[in-house]
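Notes for the one structure printed next.
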Amino acid sequence: MGAAAKLAFAVFLISCSSGAILGRSETQECLFFNANWEKDRTNQTGVEPCYGDKDKRRHCFATWKNISGSIEIVKQGCWLDDINCYDRTDCVEKKDSPEVYFCCCEGNMCNEKFSYFPEMEVTQPTSNPVTPKPPYYNILLYSLVPLMLIAGIVICAFWVYRHHKMAYPPVLVPTQDPGPPPPSPLLGLKPLQLLEVKARGRFGCVWKAQLLNEYVAVKIFPIQDKQSWQNEYEVYSLPGMKHENILQFIGAEKRGTSVDVDLWLITAFHEKGSLSDFLKANVVSWNELCHIAETMARGLAYLHEDIPGLKDGHKPAISHRDIKSKNVLLKNNLTACIADFGLALKFEAGKSAGDTHGQVGTRRYMAPEVLEGAINFQRDAFLRIDMYAMGLVLWELASRCTAADGPVDEYMLPFEEEIGQHPSLEDMQEVVVHKKKRPVLRDYWQKHAGMAMLCETIEECWDHDAEARLSAGCVGERITQMQRLTNIITTEDIVTVVTMVTNVDFPPKESSL
């Protein structure tokens, strides 16, 4: 084929594909309704303009319930690119007797009228009658389908031609923020009801919510904290992030109108809440301490690990950068899981941390090198910062443990005894960097074999020399050994076993860094 013929063929394909694309129905705005408008902090009714990427299709949707013949609308509004909604001019639910009815369509305000197809009768509010389709509708439909197939083939042929011609296409860098991800399919079809605020933090608040018959946690970010929400969503979406000791991720959504937008992150809900909240109200036994500490260490070790060759891709090493007892959640059986990845940093092969700002996190838990602003921007340096903070969390656990023969302290945050509840950066620098102080390890803790081993582990986690700190994997192994050994130790053997284990049995410090 000559150059002129190729050019003519390309022009023909472009014109055909353009015609096909222009022929589809464009959705610019949809009818908006929210039955839970007060709790979701949105308008109840109105017209919602639909936003999205230029190369993505936009749709309208409606969800409703049929309660003994009475129609209750749950939500109406804009719906992001969904192949199940393509070329539907009418909003029709086709599933057989769903618990919550759902339909989507293309075209301005096409969700104003909706119906339920399998019942062969219109299921709708009386205020939104649906006009029956005339007989020639099916004829028109059968005529359009082949034409659409032909248009699709033409578009594919054009794409193949272009792909073959451009063997090395240029890398395109987005010129604008890609915006929130599309709603999770799991969430989009199900009503999500906010119940009560459980916590407030730096980047928003956490709600207990109901998703059909189960409770979930909804972390709501204001739009100005979009970067934190985006970072947390991206970390949860990495390959291999499903782990027993990492908080289970369910979905992410954008809620509200274009004027008042909130960003939602939906995760599993754990009634016991954070480790910090639990320790305020409860003391822990030696076995409970070991279980919490070991599962927390396992979660952090998995987060720190670089795992190639997973079924869904390569899991990079991840530094949390805000380890604290507030960001460790407890399941009903006291298994710990790591949460809150708004500041997390992933380390992909061949890439450095670059100009990442090092002095982030909660001041009270900042390592000496962070407080000094003297961070080596390499992977292992960031992982060791996490380990310093983990040492402080282990101290919090030890301070509320009943194992030692002595009084159990009231719950206090690390350094609260030294510098109070609201330390400044200068306060932390003075105590941690210049005076090299750490929270007090009580003398009577040393009289319990397990607590004595734990104290040594804590000291090696918060060592002033970052390179001397233990790895998370090493901490997990040590705690397993502590629990096993203390279950067989007698009172007379304490000194002998502590000496033996301290000198011989502990795994090497740098087992995974």
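Here the Cβ of each residue, glycine as well, is placed from N, Cα and C on the backbone.
Residues or ranges marked as signal peptide in Swiss-Prot: 1-19. Summarising the annotation, Swiss-Prot assigns disulfide bond to C30-C60, C50-C78, C85-C104, C91-C103, C105-C110 and lists similarity to another entry as the type of evidence. Sequence annotations record features per position, and here Swiss-Prot assigns transmembrane segment to 136-161 based on sequence analysis. For 162-513, the entry in Swiss-Prot reads topological domain 'Cytoplasmic'. The domain 'Protein kinase' feature in Swiss-Prot is assigned to 192-485. The ATP binding site feature in Swiss-Prot is assigned to K198, A199, R200, G201, R202, F203, G204, C205, V206, K219. Feature annotation from Swiss-Prot assigns active site, proton acceptor to D322; the stated evidence is sequence analysis.
Annotated features, which come from Swiss-Prot, shown on the structure.
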residue : record                       : DSSP (3 states)
C30     : disulfide bond               : strand
C50     : disulfide bond               : coil
C78     : disulfide bond               : strand
C85     : disulfide bond               : helix
C91     : disulfide bond               : strand
C103    : disulfide bond               : strand
C110    : disulfide bond               : helix
R202    : ATP binding site             : coil
D322    : active site, proton acceptor : coil
Cα proximity to K198 (ATP binding site), best match among recorded positions C30, C85, C91, C104, D322: D322
Among the ATP-binding set K198, A199, R200, G201, R202, F203, G204, C205, V206, K219, as the record gives it, the longest Cα-Cα distance in Å: 14
Residues within 8 Å of the K198, A199, R200, G201, R202, F203, G204, C205, V206, K219 Cβ centre (excluding the ATP site residues themselves): I220
Same-chain residues at least 6 apart in sequence whose Cβ lies under 8 Å from C103 (disulfide bond): F61, A62, C91, V92, E93, N111, F114, S115
Candidate nearest R202 (ATP binding site) in space, where candidates are the recorded positions C30, C60, C78, D322 and distance is Cα-Cα: D322
Winner by Cβ contact number (other Cβ atoms within 10 Å) across the disulfide-bonded residues C30, C50, C78: C30
Residue pair C60 (disulfide bond), V206 (ATP binding site) - Cα distance, angstrom, rounded: 29
For C85 (disulfide bond), the one of C105, C110, R200, G204 that lies nearest, given that the recorded positions are compared by Cα: C105
Inter-residue Cα distance where the pair is C105 (disulfide bond) and R200 (ATP binding site), in Å: 38
Spatial separation of G204 (ATP binding site) from C50 (disulfide bond) - C-alpha basis, Å: 26
Cβ atoms near C105 (disulfide bond) (within 10 Å, other residues, all chains): 26
Fewest other C-beta atoms within 10 angstroms, as judged across C60, C85, C91, C104, which are the disulfide-bonded residues: C85
Rounded Cα-Cα span from G204 (ATP binding site) to D322 (active site, proton acceptor), Å: 16
